[in-house]
Structure formats: structure tokens, C-alpha cells
Amino acid sequence: MTQRIEVGGLQVAQELYDLVAKEIAPATGVDADGFWTHLGAIVRDLGARNRELLQKRDEIQQAIDKWHLERKGQPHDAAAYKTFLEELGYLQPEGEDFEATTENVDPEIAEVAGPQLVVPINNARFALNAANARWGSLYDALYGSDVLPEDDGAEKGTRYNPVRGKKVMEYAGRVLDEVAPLAQGRHGDVVAYNLVDDNGRKRLQARLSDGSETGLADPEGLAGYNGAEDDPTVLLLRHNGLHVEIQIDREHLIGKDHPAGVKDVVMEAAVTAIMDCEDSVAAVDAEDKTAVYRNWLGLMNGDLETSLEKGGKTIQRRLNADRDYIGADGRALTLPGRSLMLIRNVGHLMTTPAVLDADGNEIPEGILDGMVTSLIALYDLKGLGRYRNSRSGSMYIVKPKMHGPDEVAFAVELFGRIEDALGMERNTLKIGVMDEERRTTVNLKACIREAKERIIFINTGFLDRTGDEMHTSMEAGPMIRKAEMKSSRWLNAYEDWNVDIGLECGLRGRAQIGKGMWTMPDLMKGMMEAKIGHPKAGANCAWVPSPTAATLHAIHYHQVNVAEVQDRLAGQRRATLDDLLTIPLEPSPSWSAEEIQQELDNNCQGILGYVVRWVDQGIGCSKVPDINNVGLMEDRATLRIASQLLANWLHHGICSEEQIMETMKRMAKVVDQQNAGDPNYRPMAADYDGSVAFQAACELVLKGREQPSGYTEPVLHRRRREAKAKFGA
């Protein structure tokens, strides 16, 4: 039974109350009980509006379902459908042209294009690794990944392999040729680097293997250095707004094998990182929410630490310090040692038992997230922490899963109330709008208008957006297979539309226009071939699954000047509303029994592999092996798309409930085997009826049509609490 404190018209779980009163509030100047009083007032004033918006979602969905059912068996009439959506209020007027006016935005968001990490904030090690992924070793990323083949004696092995090391150095040299080309020759031919004076500014000089000397093709590419001018230990380069270090040490195990003594090339990598309270996190009660907020506190005050065992040694992880150099102009130069951190709060749907209102009802979780994470951000805004996160005096909150401009307006109103409660200046709280719901996509310009003074981020997300696409049009007919979605008309239009509308609304120089996640952290060669498409599409950030991926993806932002791409794209609209409203239906399904079973196997295995860790162990994001044992980074978005596709096929008779249950049981055995090495794992196949996780997975599919917008949170939260009560974990 949760112990609660009555304060401010609320009933607050004891552990959360203590966290605020004893750990968060004292240094901020905010009275702890006054904080809860403000929250109570916000809940009373805005709670009903929150519920109205959710009711509106349901009413719109019911109307769309009814429209499709009335035309069942008829060819889809796109023109009539569009008119219906306008009359329904689903499609809203775009309104006049405008430009965002957001101010006090850090350059990492407003000016610099680069990789973005997203990590579950309740995992301290992941959070610290992400915050510290601002800088990453290119040598390590290349040596340990599949970017370089392991043939011709270049195996990774268990200890350093000089043959592989040579290939790493050659690849890194080619990267330097793109980042900071020499006036003559290549970095791979350099045998010594040094610095010379040039009218009061240092200039890089390189001696080549033929004895000739050269400099950078663009001398301004040298930003700074460390060490002696005739024997530097670090050369700091700058290109497309990103920095790269050449680290030199001829005595080093690696450096001694390089002609110029280069022991590493360090990339400025994850310029920004989203600390996630949402889709990658399993936080279902006061205990879980308290852990989430405590880690955010540790990131803001600089005290977060964790330890891990590596090679028989205990390693302490903490936030990295800033990096100091001598600037090329001779003055001291300091660069941030950490990624600029944003935080993703939950959306408008869920409520939380961590705090109850005066009537004993759970309060909206998004309102609680906003208040507590903003209170904690005062450590940064008031300079109370060990390091600064925002140097512009802003806090960056990403809001997910909003449906249309009214819901964005509600979030903006909430932010204003939070600022008033915490004594912040207006528009201190900036907003990132995830474009991952269909009603937001088709009304994106109107959504941005509602947040035009706060907007710092929009992005696309294939997985959630496809889940909503399928749920919205559930009654329209059977959907195409999951793999075919990526080449569908609506999806390509969605990706272009997001960039074009963002540029049209003046986000350039003020906000990020982002692209989605590469979900295969072990397949870096594939990422290097494919993900350059994101900067080429005009996105100034894109999601990566690991610090290694961030280091490698950073290369793409040297190969592509995103600012120039955005210049070319400005003023265009490459997609139309008609494209966006194209429903991804299979009008005449002719799949073979084998193809149908293949789709069932693939999706059931993925659902079970993710849900079993979520429900039984509270792991909201992890590398889950797929049916071919390829590790995929899974979160609730991947679960949403898989469960909604199967729910759609079941509803339209492509498969039967018996087929799904047979597949679920067979795939549970596969997942059990894949997790056999995990001592904390509870097998599902030993007792299907008794496995809470197995039952949760089945419920998500068999009752997928009933889930609000196809979301998985209601089932997952209820089942996770059931598992905690049953197993005590």
C-alpha cells in the first residue's frame, strides 16, 4: 500500500514527496509544499481540458470508423474522404504564413547539425553514456564495428590487432581529408604536424612523406590546439559547425604505428541528447517515477554517477568536464564536454498513481512530468550544478504523441503555468513537437503556429506514425505488410512534408528538424550507407542508437552541408495533402499462406521479445534479437506498429485468432531460447496462462482495435503493475 502525504489538495506518494522536499527543492529556493500547492492548482484548472482533448480523440476515431464502415466493399473515394475530414474538423485551416520567433536557443539546436541520442533516463549508465557522447573516438568506433571488414587478418580479436588498426587509421585519414583537406596531398601521407604563426594566428603545417610541407586548404579550419607549437598533442579542427580532434602521441600503443603519431581522431558526435521519460522507459508507479526524476536531478546538478565492471576492474562513470584548448588566435578556448540535454516528458494520454487528486483520481502524468522536470531544471537555469547544460538560459522539453494544434496549444498553456509556478521568465521552457501522429502531420503548420514562441524541434518517426496511420484507418481495410510501409506514398510524403513545413515556418536557425532512429546498433556499415540520407533530406539532426553510432553518423554531417541543403529546399512543397491522406491499403490481398505466416512470425516474435522484458523486468528499451537474431533497438513505438498491423489483419480476416495464438506460443519458445542466458528472465512457454508478459503480448494484438490510438501504454502499465505485485520485482 502506497504511503501518501496530503498537500496542496493532492495525495502525493511518500517517496516522491521526500524526493522533492529533501533532494530537489532546498537548493532551488522553491518551497516544497508550495510546489505541490501550485501543482494542485494546475491539475484543477487544466485536468478537465486534458480529459476533453482525449475525449475528442475518441470522438474523431469513432466518426472515421463509421465513415469507412458505411462504405465497406466500395472503392476508396479519396476526394470524398478529404471533404469528410475537413467537415469533421480533422483537417484544420493552415492559416496565414508566419515564422517562429523562438529566442535564447543554444547553438547545438539552432545552428549545428549533428547526431542526436535518445536514451531511457531511468538507466543511469545509458544516460551518462549519452551525455558524454558529445565526443567519441573514431578509432574505437571503426575498430569495434562492422564498418571495416575482418578479412585479410583484420579480425577484432580479444586484444589489439595492428592489422585492423592500420585499416582504422587509413579510414580515419580519409575522413580527415573530407573534414580538413590539405592544400596538397592527403592526411594519410603526413609524417608530422606542427603549428606556425601567420599574422598573429596559428596555422596548421603538415610534412608529407616525400618531405614537402603543406597546410590546410582552408586555414580557418584550425580552431585550436594543445601542447607545444612544434610538437602539438591535440589539433582541433572545425568544419560545418562540428569539431574534430587529431590526438598525437608517438609513444602510445596506437600512435607509435601511425606515421605522424596520431593515436586517435575524436569526433564531436552527439551534439544533443534526449533524456527520455517516455517510450523507452517503464515507469508505472511512484517508485519508478521517483527513480526517473532522481536521475534527471543527477544530470542537472552534475552528481549522477554509476559504476560498472569491465575487464575485471570497476569503472566509475560520471559527467565529463568541458574541454580546454589554446585557440588558433592564441586565446583560451573551451568547448562543452557533454551533449546538450533535452528531456522528453510523457504525452497527454496517461495518468499516474504517483500523485492523486483530492478525489483520489490519478493525475495526468504529463502535467506531473512538466512540473517536476522543470523544477529540477532550475539547478541548471540558476547555475547551481557542477556544469551548465543550457548556456542560453532555456530548458528543452520534447512533447510526444500530440494530435493536432489544440493539443499543442494545451502543452504551451501548461508550460506557461509551470513557468509562473516556478518563477521562470516567459518562454524559458521550449517545446519539441514530435510529428508522430497523423492529425499532427496533416495540420503541422497550425501545430507549429501554436508553439511559435517556444518551438525548438520537430521530427519524424516512422514507427509511431505508422502505428497511428493503421489505427486511424483500421476499418478501411487490410493494410500492406510492415516492410512495404517504408516505400509507401504517404510515408515518403510525410518525410518531405515535415522538412518543407519546418523551413516554411522559419525553423532554420531556431530549431531542429529531425529524422528517426537507425534501429540496428550492430549494423554500422549499413547505417553509414543509408543514414547519410537524413542530412541530404535537410534534417539537421537524426536519431542514433548508441554513442558509437553517433560518432560514425557525425561523418555524414561533414560530408553534407545541411545549411546548404535547407537553402535549396526552402520555399518548396514537395508533398501534398492528397499524398499524406493516401491510406496504405492492400486493396486485393493475394498473399500466400507462407507470406502471411512469415508476417505473423516476425511480428509476434518482436512483440514477445520486447514485452517480456518490459512487463517482467521493467526494461523499456533494449536491444532485442529479431527472428533472424539481428539485434534491434526496441521501444514502445516498435511495439505499436507490430501490434496494430496484426490487429488489422485479424479484424479483416487475413489471419485468425487461432493462427495468432499458435504463432504466439511457438514464438514464445523462440524468445525464451534467445533469453536463456539472462538469470533474471522468466520463461513464458513454461506456463502461458501464468505468464503475465505472454498474456500482455496477446492482449495487445487481440484487443489492439480497442486501444486508444493503438497505444500500448495502458496495457503495459497495467500488466507491469500486475507482474510487480505477483513477482515482487
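Here, residue 1 is simply the first one shown, and the rest follow in order.
Backbone N, Cα and C atoms are what each Cβ position is placed from, and that goes for glycine too.
Summarising the annotation, Swiss-Prot assigns active site, proton acceptor to Arg344. When secondary structure is read from DSSP and collapsed to three states, Arg344 (active site, proton acceptor) falls in the strand class.
When secondary structure is read from DSSP and collapsed to three states, Asp635 (active site, proton donor) falls in the coil class. The active site, proton donor annotation in Swiss-Prot covers Asp635.
The feature acetyl-CoA binding site is assigned by Swiss-Prot to Val118, Arg125, Phe126, Ser280, Arg317, Pro545. In the three-state DSSP classification, Arg125 (acetyl-CoA binding site) falls within a helix.
In the three-state DSSP scheme, Glu436 (glyoxylate binding site) falls into the coil class. Positions annotated as glyoxylate binding site by Swiss-Prot: Arg344, Glu436, Gly461, Phe462, Leu463, Asp464.
If you look up Swiss-Prot, you'll see Glu436, Asp464 marked as Mg(2+) binding site, on the strength of sequence analysis. Other Cβ atoms within 10 Å of the Cβ of Asp464 (glyoxylate binding site) number 26 in total over all chains.
Residues annotated as cysteine sulfenic acid (-SOH) in Swiss-Prot: Cys621. Around Cys621 (cysteine sulfenic acid (-SOH)), the C-beta neighbours below 8 angstroms that are at least 6 residues distant in the chain are Val119, Pro120, Asn123, Asp276, Asp279, Ser280, Val281, Met633, Glu634, Asp635. Secondary structure at Cys621 (cysteine sulfenic acid (-SOH)), taken from DSSP and collapsed to helix, strand or coil, is coil.
Annotated pair Arg317 (acetyl-CoA binding site) and Arg344 (active site, proton acceptor), C-alpha to C-alpha distance, rounded: 23 Å.
Between the alpha carbons (Cα) of Phe126 (acetyl-CoA binding site) and Asp464 (glyoxylate binding site) lies a span of roughly 23 Å. Neighbour count (other Cβ atoms within 10 Å of the Cβ, all protein chains): 27 for Glu436 (glyoxylate binding site). Each of the recorded positions Arg125, Arg317, Arg344 was ranked by the number of other C-beta atoms within 10 Å, and first place falls to Arg344. Per Cα geometry, Arg344 is the residue among the recorded positions Arg344, Gly461, Leu463, Asp464 nearest to Val118 (acetyl-CoA binding site). The two recorded residues Arg344 (active site, proton acceptor) and Glu436 (glyoxylate binding site) have their Cα atoms spaced 14 Å from each other.
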